[in-house]
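Notes for the one structure printed next.
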Amino acid sequence: MKIAVLSRNPRLYSTRRLVEAGQQRGHEMQVIDTLRAYMNIASHKPQIHYRGRALEGFDAVIPRIGASVTFYGCAVLRQFEMMGVYPLNESVAISRSRDKLRALQLLSRKGIGLPVTGFAHSPDDIPDLIQMVGGAPLVIKVLEGTQGMGVVLAETTKAAESVIEAFFGLKQDIMVQEYIQEAGGADIRCFVVGDKVIASMKRQAKAGEFRSNLHRGGSASLIKITPEERMTAVRAAKVMGLNVAGVDILRSNHGPLVMEVNSSPGLEGIETTTGKDVAGMIIQYLEKNAEPGQTRTKGRG
């Protein structure tokens, strides 16, 4: 197969591994810098050009679209879909999962366990917003943040009010979430491919920190997940419409709670921790499923 990898940086671990895994299995791999591709939106023959040439003959495309380039990245991916190229994750699913509020609303509608969450722009009653999610301690998040940025733990009501006011002063929409004390600063990253969790790891925040992101100095270790956690992760990915996803779960006193569904999960942490060939499993998934025009939207974007 001829497989495109949409990635801004061919030297990133995840991009390198996907290219290696594809080549080892006999596929032709090409990394395309998402922002440098440009498109012809003509109705009779949609095209993508890159480095002065039309991209042709691709069977599948693997989007590794960073949060900052979501809008243009999804447009390029949608153009591939219009050309009948099979996407590992569809553009509509990626944009859905990048909008944290929309993602939580969809998960909530399907009855998937979530922390109690409030959402606000400039509420006229901040104490009521805080009480609505069960009071302090609570977690306050800016909607656009990634890798643990824009996330604050407010341990007292006073602190929560100050943080919320500060964010509103910056004209930010925010999410206010109950703090799951019993998780002890740890979460579980479940790596879903198709309808299976193929690998999972526990991420533990470093001492004095509550964000377990590996970018924040958290540490990763092996963990055995329960059938309920496995089912929750697979269902969450399915609700978002993602074939490949990193689903972050907290262990709470009332079962697994989904924190986030990531449409472009990093491979380094999960492969290093588990020793599994996750990149190879992603390529195998494409081998089984890639057919021209086989998006849920039938290539209509």
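Heads up, the Cβ atoms here are built off N, Cα and C, so glycines get one too.
As given in Swiss-Prot:
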- LYS141, GLU178, TYR179, ASP187, ARG211, SER212, ASN213: ATP binding site (BINDING)
- ASP248, GLU260: Mg(2+) 1 binding site (BINDING)
- ASP248, GLU260: Mn(2+) 1 binding site (BINDING)
- GLU260, ASN262: Mn(2+) 2 binding site (BINDING)
- GLU260, ASN262: Mg(2+) 2 binding site (BINDING)
- 104-287: domain 'ATP-grasp' (DOMAIN)
* **LYS141 (ATP binding site), number of other Cβ atoms within 10 Å** => 23
* Under 8 Å Cβ-Cβ from GLU260 (Mg(2+) 1 binding site), six or more apart in the same chain: what's there? -> LYS100, ALA103, VAL247, ASP248
* Asked: What average pLDDT is reported by the model for the domain 'ATP-grasp' (104-287)?
  -> 91
* Structure fact -> In chain order, residues whose C-beta lies under 8 angstroms from the C-beta of GLU178 (ATP binding site), counting only those at least six residues away in the same chain, are PRO115, VAL116, THR117, VAL133, GLY134, LEU138, VAL139
* Asked: Relative to the Cβ of ASN262 (Mn(2+) 2 binding site), which residues of the same chain, six or more apart in sequence, are found under 8 Å away?
  -> SER97, ALA245, GLY246, VAL247, ASP248
